[in-house]
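So that you can see what the record holds, here are the features copied from TrEMBL:
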BINDING   HIS3, HIS5, GLU115, ASP233  divalent metal cation 1 binding site
BINDING   GLU115, HIS148, HIS176  divalent metal cation 2 binding site
Amino acid sequence: MIHEHLVFDLTGVRNDMDSQLRSSDVIEEVQDLQSVGCNLIVEVSNIGMGRDPLAMLEISEQTGSMIVASTGFYKEIFYPSYVFERSSEALSEIFIQDIEVGMDGTAIKAGLIAEIGSSLNEITAAEEVVFRAAILAHRATGAPISTHCEIGTMGKEQLALFEAYGADLSRVSFGHQDLNLDVEEQRLLLRSGAYIQFDTVGKNNYRPDEERALNLVQLLEDGYEDSLMLSCDITRKSHLRHSGGYGYRHLFDSFLPALRNHGVTEAIFTKMLVTNPRRFLAF
Ligand SMILES: [Zn+2]
């Protein structure tokens, strides 16, 4: 799963107790994911979102699942105050340290730079500074970058930053593109050589899964099977199965069968869920 959250705390910004998960909340569900064949989760909670390397280690040790952790800052409203006072160069040093030495004083290294976000219909000045920092760290380390496009917006503008600051587009993945209703823009991002993610599967309040599936099938028919990746982006306690939510398994229990009904083959599933994430993450 290419874009998930296991341990985070967004309550400071969202002001509700639903926006917080601890390792004890998710261990059972991560274990359960293995029964449907998923043994690796890319955790994109970053600095300012309550990222917790030791809790991720605990989940990994208790479940046997692999977890890839992230460095980065999310979107402006979640930035620690020091982000507004530092240059891209200075911020990139934090990311490089997380990737090469370890995060938050541990020896646990970040495996990617994510989720680097822009706001709704806007990349703020501070967000552009962070994008440039991410690209500097990517160029220094080779680490891949995964982004957050708020409700699917600003992909084209993010692409312009990646091009302007010299990112290797084959190491970039644009997030939340299943919420982007502009198929032409999805194709533009794909033509750049980047990946795009259909990573809010199950969030029917944003877009019904059936529409998500039809959009994905359209891009598969265009031949982009080597550039698509999938996830659910669980960000609330109420999304979990024991709270009556759809849970991480929803991708496997519900979305893959829907795609299968549209004629998507096992070979394509393997590409979207194994081959593409492996190629994207390796550096
Ligand atoms: Zn996001």
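Placement of Cβ uses the backbone N, Cα and C atoms for every residue, glycine included.
Predicted automatically and left uncurated, TrEMBL annotations should be read as such.
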Checklist entry - What are the non-local neighbours of HIS5 (divalent metal cation 1 binding site), defined as same-chain residues 6+ apart in sequence with CB under 8 A from its CB? => result LEU21, GLU43, VAL44, SER45, MET49, ASP233, ILE234, THR235
Item to check | Alpha-carbon spacing, GLU115 (divalent metal cation 1 binding site) to HIS148 (divalent metal cation 2 binding site), which is rounded to whole Å | outcome: 5
Checklist outcome for this item: Taking the centre of the Cβ atoms of HIS3, HIS5, GLU115, ASP233 as the divalent metal cation 1 site, the remaining residues of that chain with Cβ inside 8 Å are GLU4, VAL44, SER45, ALA114, HIS148, GLY175, ASP199, SER231, ILE234, THR235
Next on the checklist: Please report the distance from the Cα of HIS176 (divalent metal cation 2 binding site) to the Cα of HIS3 (divalent metal cation 1 binding site), rounded to the nearest angstrom.
Outcome noted: 9
Next on the checklist: Taking every protein chain in this structure into account, which of the binding-site residues GLU115, ASP233 has the most other Cβ atoms within 10 Å of its Cβ?
Outcome noted: GLU115
Item to check | Which same-chain residues, if any, lie at least 6 apart from HIS148 (divalent metal cation 2 binding site) yet have Cβ under 8 Å of it | outcome: VAL44, TYR74, LYS75, GLU115, ILE116, GLY117, SER118, GLY175, HIS176
